Amino acid sequence: MANPIEQFKIQPLVPLKVGSVDISFTNSSAMMVLSICLITLFLTLSVRSRALVPGRWQSMAEVFYEFIAGMLRDNVGQEGRKYFPFIFSLFMFVLFGNLLGMMPIPVIGFTYTSHVIVTFAMALVVFVGVTVIGFARHGTHYLRMFFPHGAPIATAVILIPIELISYFSRPFSLAVRLFANMTVGHIILKVMGGFVVSLGAFYLIPGAVPFAFLSAITVLEFGIALLQAYVFTILSCIYLHDAIHMH
């Protein structure tokens, strides 16, 4: 059975260095480009006809549109409408990364959301963006969110450090949650796939048990791919709500 960790190895496709800095075009980069291309193609096909009675592509796009619009409306309010393009793009990028990682794509096949550096970069963009929005909207009054309104002043020495730690841990928790779930799920699939191959090669009936389990886990993993994209996006909406409304 192949090492289940090998699937997370970044492979350079176009080696390139600038001095001592490695900026090679890797399988991870290729999958990100592929995701963006497929998202663009999907949205282009969905708006091409603009029929009164929507077709399959348009219906799927409208489902995603209404889903994200509703998420923003419920968690941020009407003021969150201006941030729809970013939140929608974020959701689609995470979702396609999760789903494409499940596909047996030759040469470039890779789940970029299973690498913490990628998920942390996305989480950092959300964190910095939300912080900038908070200060742009409230100025220095944004700092008041680190000391809950109505709390006794004597508790400031305890509450402020706790709020600061909670605030600055947001990008880490956001990144690790997505990375860990995708990594663990793919490892389980790889291990169970190895059992199916090894047992199925010698015994038909014993191999059927792990195959059935693998099929169930695969279906579950597709659900988790959608769920993790949802969780990453809704937490971003909650952070955006805090920046706009200050709790």
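Residue positions begin at 1 at the first shown residue.
Any Cβ shown, glycine's included, is placed from N, Cα and C.
Small disclaimer: the values here were computed from a predicted structure and weren't measured.
Per Swiss-Prot, the features are:
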- 23-43: transmembrane segment (TRANSMEM)
- 90-110: transmembrane segment (TRANSMEM)
- 116-136: transmembrane segment (TRANSMEM)
- 145-165: transmembrane segment (TRANSMEM)
- 194-214: transmembrane segment (TRANSMEM)
- 215-235: transmembrane segment (TRANSMEM)
Candidates 23-43, 90-110, 145-165, 215-235; stretch with most C-beta pairs under 8 Å toward the transmembrane segment (116-136): 90-110
Chain residues in Cβ proximity to the transmembrane segment (215-235) (below 8 Å; excluding those fewer than six residues from its ends, i.e. six or more beyond): 68, 71, 75, 87, 90-91, 94-95, 98-99, 101-102, 113, 122, 174, 177-178, 181-182, 185-186, 188-189, 192
